[in-house]
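Trainee: This is the structure I want to talk about, given as structure tokens.
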């Protein structure tokens, strides 16, 4: 408590405690004079004052404890976050060069194999393969290039020509009959027309033609019963004539022969 005696809230609490002491002394004097109603009201007010003072002291202690704990917790969080921010550095070209030179020095220090019989020298095949692997590992960083935009590689002249070809009208020459102003436009359109790949159109197989046979139309005539009877009679009479026709023909032939003889 000695550290917090200079705090302004503690000073107010001390003053309130002193005032409460004086208040208690005054109440005891009133009780001696048999003034019970005044004593009861004073006791209730004193109880309220003590409760509020206790609540205020508890709040002060909690706030002071939090203020002390906050500065101690901040450095710990910073210390834990610092190692997370550090990322491992990529190997630089200098490290690759140093490793490459060290491997070359080791390969040069080893003497080549010499055949005493033929006098020929043979290098170490294992060292050659190792050198090739080291070179293949060290080259990618040096040979890496930034991606080049295809738009930047094209010169600006091509864009201008393309724009000109689009703006000029393309007129077919078949429509320029008798128009002298149309003929130069027709030629310019053919020269400046943008070159495009020919479009291949697949021809569809023709559908087989189906010939529809004409349908016979039957006409039905309404016939009365009287007409039906007449047709039946007509059909009956020719049959009789047909049956009697050979005899009749023979009779006619005989009559004709007799006439010729009489003449």
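Placement of Cβ uses the backbone N, Cα and C atoms for every residue, glycine included.
Keep in mind that what you see is a predicted model, and the values were worked out from it rather than measured.
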Trainee: In Swiss-Prot, which of the ranges 55-66, 175-186, 187-198 has the region 'Binding to host heparan sulfate' annotation?
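Mentor: Swiss-Prot lists region 'Binding to host heparan sulfate' for residues 187-198.
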Trainee: Report which of 85, 127 appears in Swiss-Prot with the annotation N-linked glycosylation site.
Mentor: 127
Trainee: Quick test of your reading of Swiss-Prot: among 38-66, 96-124, where does it put transmembrane segment?
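Mentor: Range annotated as transmembrane segment by Swiss-Prot: 38-66.
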Trainee: Going by DSSP, is residue 182 (disulfide bond) sitting in a helix, a strand, or coil?
Mentor: helix
Trainee: Between the Cα atoms of residue 176 (disulfide bond) and residue 186 (disulfide bond), what distance do you get, rounded to the nearest Å?
Mentor: 8
Trainee: In which DSSP state, out of helix, strand and coil, do we find residue 199 (O-linked glycosylation site)?
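Mentor: The three-state answer is coil.
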Trainee: Looking only at the topological domain 'Cytoplasmic' (1-37), what is the model's average confidence as pLDDT?
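Mentor: Across the residues of the topological domain 'Cytoplasmic' (1-37) the model's pLDDT averages 68 on the 0 to 100 scale.
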Trainee: Roughly how many Å separate the Cα of residue 182 (disulfide bond) from that of residue 199 (O-linked glycosylation site), to the nearest whole number?
Mentor: 28
